[in-house]
Amino acid sequence: MSTTQQPHWSLQKSFAERVESSSHPLTSYLFRLMEVKQSNLCLSADVEHARELLALADKIGPSIVVLKTHYDLITGWDYHPHTGTGAKLAALARKHGFLIFEDRKFVDIGSTVQKQYTAGTARIVEWAHITNADIHAGEAMVSAMAQAAQKWRERIPYEVKTSVSVGTPVADQFADEEAEDQVDELRKIVPRENSTSKEKDTDGRKGSIVSITTVTQTYEPADSPRLAKTISEGDEAVFPGIEEAPLDRGLLILAQMSSKGCLMDGKYTWECVKAARKNKDFVMGYVAQQNLNGITKEDLAPGYEDGETSTEEEAQADNFIHMTPGCKLPPPGEEAPQGDGLGQQYNTPDNLVNIKGTDIAIVGRGIITASDPPAEAERYRRKAWKAYQDRRERLA
């Protein structure tokens, strides 16, 4: 979006209004989830042990819409596909209503990232709704990951769920001659001992009451979140107010970073934008420091010759979701911190959401190290949501 133009329409619309223009099912779901929970908060759960991760997700889950993980820094990560850490996180996501974002930052040739994403020990695609990629390896890796996700989705095994009911038929079930014939056949195959009657007819023969056995079979993906086999006792609850997340998988492109001295320049960011627009069925949006919807090459990299042209129509159609890390609130009455001394540059929710135009603020240590993490998560949720409301009011 050129600085001389009006703000992109996506900045003026509510999350609910943006659902209709979303090309990705998971993006549509996330927009609706944000409205239901009145939250645009992501927790960066950078803890060191699996027990801490699961406990934190359970405590903070009610306040967030996204949980960001780094599985490879977690001690004690259990890789079992049905009872391991990923499966338990998925159960908590269903219970509290949030999506899991594995901050893997894939960057390699296509065949390698496909295997890293869908195979290996972690099998990220199985439990993480969202992951991300650094596209220094080129746009082809994004297409490769999209193909891998689609193949995974198509080959999810289907499980047969069988229910058996036994009952005594009532009179109106046998209103016609055909039904009577069916009863005669059932009398031949239903064991007498299953009968509920011990009465005898006047001629000395046992009376016979037919029991009909009904077998119903339904088919459901074996990895469907609706199946309870992967969740622990007591975690069967599903967040009310919205259906469970779709099984589709999504990608965030790492377009910009907040670390001091970051080498991701305007040319790189423009290549990210092009890759996102070419892969809308898989790319949900960006991890970025500004809103990139409607952005043009001249906005990001004036004079850059990439041999391609971008149309205004393409730019206007953008409806990508944006997430931004480095969000930090000062203690009440104090000034906002500028950074952590290790290269991380902090921003308040108002600066990120209202001014810079991100959709979801990512918070880590600001919540994790607080004396009361759930209360602090609520403080961040309220601030980030107000920043979103202020943005809409400001740009109306």
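Every residue, even glycine, has its Cβ placed from backbone N, Cα and C.
Annotation comment: Swiss-Prot describes Lys105 as active site, proton donor, evidence class sequence analysis. Positions annotated as substrate binding site by Swiss-Prot: Asp46, 68-70, 103-112, Tyr346, Arg365.
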Open item on the list: Counting across all protein chains present, how many other Cβ atoms fall within 10 Å of the Cβ of Thr69 (substrate binding site)?
Closed with: 27
Open item on the list: For Asp46, Asp103, listed as binding-site residues, tell me which one has the smallest number of other Cβ atoms within 10 Å.
Closed with: Asp46
Task: Residue, out of the binding-site residues Val107, Ile109, whose Cβ gathers the largest set of other Cβ atoms within 10 Å - done: Val107
Open item on the list: On a C-alpha basis, identify the one among Asp46, Thr69, Ser111 that is nearest to Lys105 (active site, proton donor); the candidates are the binding-site residues.
Closed with: Thr69
Open item on the list: With DSSP assignments reduced to helix, strand and coil, which class does Val107 (substrate binding site) get?
Closed with: coil
Open item on the list: Under DSSP, is Asp46 (substrate binding site) part of a helix or a strand, or is it coil?
Closed with: coil
Task: Other C-beta atoms that fall within 10 angstroms of the C-beta of Ser111 (substrate binding site) - done: 11
